[in-house]
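Read the structure below first, then the notes.
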C-alpha cells in the first residue's frame, strides 16, 4: 500500500499521503535493463575506484602534499559521494520489477544530490582560486594557500552545499503528496517530485530555479572570471606563455565544462521534460565522477608519476612475498 490517510496534512483535510514513490527508471525493456545493469556496474565501480585511488595517492605521496592536490583529493571524495547517492539503487533496480523508494529515501536522495552538487560547485571555484594564486602570485603561493586556508575553503564548500540543500528540503518535505507517486527518472529529482504535490507548484518551481540557478550562476561567473584573469595575466607577462598556461589549466577547465554543461541545459528548460533529461541525470551522477579522475591523471605528470611509484611499490611487495 503506497498511501496512508491522516485527517489533515498542511490544511489538506481527508487527503492520502504518499509513503513511497515509484521510480520509472531508464527503460522498461527487460533485455535492455540487464545490459544497463552490466554497463553501469562497470562505470560505477570504475568511478569509485578511480577517485579512491586519487585520494590514496595524494595521502601517501609526499610530493603531492600541496594545496592543489589537497583540493583535488576533496573533489575526488565528493565525486565518490556523488556517484553513490543514487547509482547503487539504480543498478539494483535494473534487476527488480518493483522500483520503489520510501518517502524518507526520496527526501534523502534530494538532500544528498544538492549537498554534493552545491559543494562541488564551490570547490571548483576554490580550485580556480588556487590556480590563480599559483600562476599570478607564485612568490606568495604557500603563504596565501596555507593548510588553514585550504581547510577553510573545503569547509566553506561543504557548508554552502548543506545550506543550499537544506533550503530546498525545508519546503519539499512538508508538501502534501496525496496520490500521484510516479517519478520519471532513476532517482528522486527535485523538480519531478515537486510536480507530484497536490497544489499549484508554480511558485515552488520558481523558488527551486532561483535557489539552484543563483548558486550555479555565481560559481560559473567566478570560474569564468578566474580563468580569464589567469590567461590575461600570463599573456601580459609572457605573450608566448598563454598556450603553456592553457595546457596547465586544461584539466581544470575540462572538469568545469563537464560539470556546468549539463546544468546550463537544465536551467534553460527547468520544468519541461525532454528525453535527454535522463541522459543528463546519468551523466551528472555516473559519468562525471568516472571522467574526473581520468582527466586529472591523463593530463597531470605528477599524478601519473605517483601512480607509477605506487604500482612499483605494489609489484615490489608482491615479489618480496
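From the backbone N, Cα and C atoms, a Cβ is placed for every residue, glycine too.
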Would you mind telling me which of 92-110, 111-129 TrEMBL tags as transmembrane segment?
111-129
When you check the transmembrane segment (34-59) against the transmembrane segment (280-298), do you get at least 3 Cβ pairs under 8 Å, counting only pairs 6 or more apart in sequence?
yes
For the transmembrane segment (280-298), distant same-chain residues with Cβ under 8 A (at least six beyond the ends):
26, 40, 43-44, 46-48, 50-51, 53-54, 72, 75-76, 79-80, 82-83, 85-87, 113, 117, 185-187, 189, 251, 254-255, 258-259, 262, 265-266, 304, 307
